[in-house]
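Visitor: What follows is a structure written as structure tokens; I'll ask about it next.
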Amino acid sequence: MKTLLRSCLVGLLALPLLAMAADSININTASAEELAQMNGVGEARAAAIIEYRDEKGKFTSVEELTEVSGIGDATLEKNRDLLTAGE
């Protein structure tokens, strides 16, 4: 019974991590619609991110987003926990 209780507790503790992973935005593969869901990023900035990605290639880090016109440190910080540049 204790083992079952521990297993349930571990499972419940892992749920928020799974939810966060599911809600993350991969800046190298996200569509304009997905990018526009970021805090402080609308359609125009999402298009600028995709244009930058098409011209320069994949982002090597989320910090590289600040190289995109209209995306500054404040926008990056608002969204940092949601973003990934991974495969």
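Cβ atoms are placed via backbone N, Cα and C, with glycine included.
Okay, so TrEMBL annotates it like this:
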type   : residues : note
DOMAIN : 33-52    : domain 'Helix-hairpin-helix DNA-binding motif class 1'
DOMAIN : 63-82    : domain 'Helix-hairpin-helix DNA-binding motif class 1'
SIGNAL : 1-21     : signal peptide
Visitor: Give, as a single whole number between 0 and 100, the mean pLDDT over the domain 'Helix-hairpin-helix DNA-binding motif class 1' (33-52).
Guide: 96
Visitor: For a three-state summary based on DSSP, what are the helix, strand and coil counts in the domain 'Helix-hairpin-helix DNA-binding motif class 1' (33-52)?
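Guide: Taking each residue of the domain 'Helix-hairpin-helix DNA-binding motif class 1' (33-52) in turn, the totals are 13 helix, 0 strand, 7 coil.
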Visitor: What does the DSSP secondary structure composition of the domain 'Helix-hairpin-helix DNA-binding motif class 1' (63-82) look like, as residue counts for helix, strand and coil?
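Guide: Helix/strand/coil tally for the domain 'Helix-hairpin-helix DNA-binding motif class 1' (63-82): 15 helix, 0 strand, 5 coil.
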